[in-house]
Structures are given as C-alpha cells and as structure tokens.
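Here's the structure, in structure tokens; my notes come after.
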Amino acid sequence: MSNPSLLVLYGSQTGTAQDAAQRIGRQAQRRRLQVRVMALDSYKVANLIAESLVVFVCSTTGQGDPPDNMKNFWRFLFKKSLPVGSLSRLDCAVLGLGDSSYPKFNFVAKKLQKRLLQLGANMLMPVGLGDDQHDLGPDAVIDPWLTSFWGALLALYPSLNSVTPLREDERLPPSYTFHFLDEKTQRSAAGLRSSGGEAPPSPSHPFGAWMVFNRRVTAPSHFQDVRLIEFDITGSSIRFAAGDVVMMRPRNAAEDVQQFCQLLGLDPEDAFLLQPTNNTPVPARLPQPCSVHHLVESYLDIAAVPRRSFFELLATFATNELERDKLVEFSSAAGQEELNSYCNRPRRTALEVLTDFPHTTAELKVDYLLDLFPEIQPRSFSIASSLKAHPHRLQILVAVVRYKTKLHKWRRGLCSTWLASLDPTKEEVCVPLWVKTGSLRFPADSDTPVIMVGPGTGVAPFRSALQERVSEGKTANILFFGCRSESKDFYFRSEWEHLVEAGHLTLFTAFSRDQEEKVYVQHRVRENAALLWDLISKRNACFYIAGNAKQMPASVCDSLKGLFQQEGGVSADAAAQMLAVMEKTGRLQSETWS
C-alpha cells in the first residue's frame, strides 16, 4: 500500500480548531506525508467520496451550533438523499474542541462522528473531546489523541514505518514569502464604505458604518466602563431582527503596532507582495500590495495569548541557549503546566512574549509572520436596538474588558478597548461590520408572553426585542434585569420605566450590592413563581436567558425547575423533563458567553 495523502478539514469560530488542524498538518509534513489543510466550507464537499484519509477538527459554538465556516458542509452532509455507504472508502478521525461549561459540550464533533458512521466511513479511533475548561486547555486531550492517531495510521500504512521524520527543531518552509517593493504605500483606509448593492455585507465584504455616538452608560465612579454605541447603516442592505448579532474585527493599539515594528526592525510604511509557497491562497483580507502597518494593525493577532504552536515555531529561531531551552520546554507535552503558568494564567500576550525572548525575536524572519501569528478573529455583539424604533441605525452595548493579573500591565479586551477609544465627536469614525443571525428567536404570535432574564449587558438582545415587540403591539413582556447598583449600572432605566408606565412591560430588578445580602435575578425568578407558572403553564410563555455563562444560566434554570415543583406540584424529575421539552420546542432559549 502506497503512502497516503492526508486531508485535514476544520470548522473554527475563534481560531482554536484551525490552530489544531494546522498542527496536525505540520506533524504530517514532518512525517513526509502529502497534506492539505482547509476550512470545511472552502472544500468541495462532493469530493469527499473520493478521499481515502481525512481528519475533521471542529469546534462547537453557541447552543450546539457548527462554526460559520462549516455551515454549508454541515447542511450537505445531513441531506437525507445521501446514500448509506457513500463514504465506505473513507478512513477518518474526528477531533472536537469545546467547553464543558456549556450544556451541549462538543455536540458538533459527536454528531459529525455519528453521521460519518451512518454514511459508511471507517473511524480510525474514538472522537477526541478537547475541553477549554481543563487546567491545561484542549491540549490535555489533543496530545494523547494525536499520539493514538499516528499509531493508528502506522498500523493502517505499515510503509510509513520506514520513513525518517524531520526533527522537531528543523523549521518547515513558510506558507508565504514577502517581496518588498521599492516604493512606500499610502496607509490603506480600511473601513471605507462599500457601495450599497443588493448583497448583504459579509466577512469578506463588510459595510463601513459611521459611528454616530459612543456613550458611557455607567456612573463615572463605577469600576466598569460600559458603552452604548450607535452606527449609521444607511446605504447598506443590512436587515436584522431581535436576537441577531453584529460582527466586527478589532485593530491593534497604535502603541502595540509601533513596539512590534521596532522589535522586528520593520518599517510600517514598507509595502510588500505575498507569494504563497504552496497551494495556500493569499488571505483575502490582505490587499496586494499591502503595507507592514496594515498587516500588523488589522491582521496579525499580536495582542492575543499565544498558543503552544507559537512557541514551537519560535523555538526553531532560537540561537541563545537559555531562550531555546525555555521555548522547547513550552512546546513540549511535559512543559504545558509551565506554559500555563507563564502564559495562560497571567494572560501574557504574544507581543510581551517577544520582549521576554529578545535574542530569538531578533532572529525572526519576516516570511514566517503569518505562520507565527494567527489572524485577528471577528468579535460578535448582540444588537441592542430594533430597526422599527431606530431606522438606519444599529446599537450595541459593550462592557470594556479591563482586569489585573500578576503582570504589572492591565489586561484589556482587544475589541472593547478599541471600540471605547473611538470618538466620533473628534473625527469621523468608520467601522467595517456585518450582521449574522443570532441564536434567539422571538414568537410571531402577539398573544404569547415573553419572559426575559438579562442581567448586565445580557439585556442587550432584550432591548432589541422589546423595541420590536412594542412597535408591533405585543405587550405581554416580562423582564428580569440585574446589576450591581441601582445608581451606577442600571442600563436603560428611563426606557424601562416608560414602558412600564405605558403598560408594555412588567419589570423585576435585582441590585446585588445595594443591600447586605446579595440578590440576583434567579432569586427574583423564584419570588415570582406563581406569576411565571401561570404564564408558562396556561399561556405558553417563552422564556429567554442571556448573559455570562458562568453560574447565572444554570441558577435561573434551577429556579425554573423549583417553581415547576412548587407551583405545579411535580417531582424533580418531571420538572427537569418539562424544562427539556421547553428547550426542545424553542420555548426556552439562551444566549450565553464565557
């Protein structure tokens, strides 16, 4: 049997699955295998019947959904018309990446494995279930899974045993080479408004929306800076409904761009053309020619906490013995606890790592920048307004992320900090964005009551829903809102009070720090058990939860089960079953984030 050609297909939302897929690709290259690594939706899925060896790497997003770049593949694979046995020639393996704090942990990987088996594929090994919640992250599962995978491959293709792999310290060729031009470039005006057109804006063709205002909505004395930001989407074909989300890509801070260029001896104004070294296409988001400034500011994720693959490649440039030893340790399976302490726990950025390894950084070759640094990923925000209340406008509610670790410098969220820094009163601000369908869907029937639990910025999609529903004459709206203090972070207070006065809203609030004993939204749900039971059992009310995934959603669900038992007189098992039925039928929906 001749040596196989390996295809690695990934579905990735935040870049973690893509990183794992590229890692498998590098390991295959070191074993001198022919390998292709592609996003699932970039691959012509009808060709799968002709493949002999495929590894699928996929994450799970939202409430058990596939990532955006595998949705077309997902729809095709689950067509009922596909004949059983159509993938009988295929040997494959599935590696899943998920977060066990969510109910549908690794749902996509599990469902994919099941479907591949239905279509006759031969599974080389059990599905791998990587978990973000593990102390060592998903690598705690990926490392042993990969060892088993290569073992299974050697058993299937014994001829591979005679191949001498490349050493770990031998650097693989870069994906691209940089060809610098003699002339400088003009700074690209990323974010120019696209022409209206009929096609809705997308990741590859976002709409440049002017920022109308950027307003702080928490008290100046409050520790948390939260912004209400409005964009003008006039001239776009953007349409959205309550529950939808807006996507945008942040940019690196000017001081980080400057420091990065200084560390690597790059002139920000230099222009270059990218030349692929294999069949990898040039990233569509990078203009040709491109300036170093645009590449660093808008594309390379230099402010992210680097993954293990970053240290693996960095180690191949090390000539200083101390630095090389440390980088090799961070790259090894045995050194993951050490890497966790150095990088993940204190949230050290890739840029900070470069300053910690100055000798190695001085040896870096520009051709490897796109292999070393991942692309900045888009961020999503629940839309906090309705087109029916604010035509041609789109609003978001953004908590500016800022926190301390053991490192001297404050840790900051890249996107929220970038958005907070934009001031449309001083200059025109244009932000490229696009909209995608969210996970929350509200009932069309005007008689169906809607119960919404949205503490903090989790209230954003419910403001959109309330504006939409009130404009349609739907008045059976109940909102549970929670925050720390009535006087400091009670978002949209005057709006809620106006709706209450008009008879369009029933409002329950929980201000956790305004009294000695902490009070949260789950307590208010429990206190109003009789009302909620009546709405759910007699009027088929829909129940929605939005906010931080840590403890709130589970606590609210526990309160719901408690009121089913208390008011409905059912057992704990029956209450849990009622909740499951509500979820299955769309009467219980949640949008949470970690």
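Each residue's number is its place along the chain shown, starting with 1.
Just so it is clear, glycine is given a Cβ too, placed from its N, Cα and C backbone atoms.
Residues or ranges marked as domain 'Flavodoxin-like' by TrEMBL: 6-150. Residues or ranges marked as FMN binding site by TrEMBL: 12-17, 59-62, 97-106, ASP132. What TrEMBL records for 204-443 is domain 'FAD-binding FR-type'. Sequence annotations record features per position, and here TrEMBL assigns FAD binding site to ARG347, ARG379, SER380, PHE381, SER382, GLY413, LEU414, CYS415, SER416, TRP593. As annotated by TrEMBL, NADP(+) binding site applies to THR457, SER512, ARG513, LYS518, VAL519, TYR520, VAL521, GLN522.
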For the C-alpha pair, I'd like the distance in angstrom between TYR102 (FMN binding site) and GLN522 (NADP(+) binding site), rounded off.
18
Distance in Å spanning the most remote Cα pair of ARG347, ARG379, SER380, PHE381, SER382, GLY413, LEU414, CYS415, SER416, TRP593, given for FAD:
25
So of SER12, SER512, which of the binding-site residues has the fewest other Cβ atoms within 10 Å around its own Cβ?
SER512
Neighbour count (Cβ, 10 Å) for GLN522 (NADP(+) binding site):
24
Rounded to an integer, what is the Cα-Cα distance in Å between SER380 (FAD binding site) and GLN522 (NADP(+) binding site)?
26
Between GLN522 (NADP(+) binding site) and GLY62 (FMN binding site), the C-alpha gap once rounded to whole angstrom:
22
Rounded to a whole number, how many Å is the Cα of SER59 (FMN binding site) away from the Cα of SER382 (FAD binding site)?
21
If you count Cβ atoms within 10 Å of the Cβ of SER382 (FAD binding site), leaving out that atom itself, what do you get?
26
From the binding-site residues GLY15, PHE105, ARG347, SER382, pick the residue whose C-alpha lies nearest to the C-alpha of LYS518 (NADP(+) binding site).
SER382
Rounded Cα-Cα span from ARG347 (FAD binding site) to GLY15 (FMN binding site), Å:
17
Taking just the CA atoms, what is the gap between SER12 (FMN binding site) and ARG513 (NADP(+) binding site) in Å?
39
Max Cα distance spanning THR457, SER512, ARG513, LYS518, VAL519, TYR520, VAL521, GLN522 (NADP(+) binders), Å?
19
Spatial neighbours of GLY62 (FMN binding site) that are distant in sequence (at least 6 apart) but have CB under 8 A:
SER439, GLU591
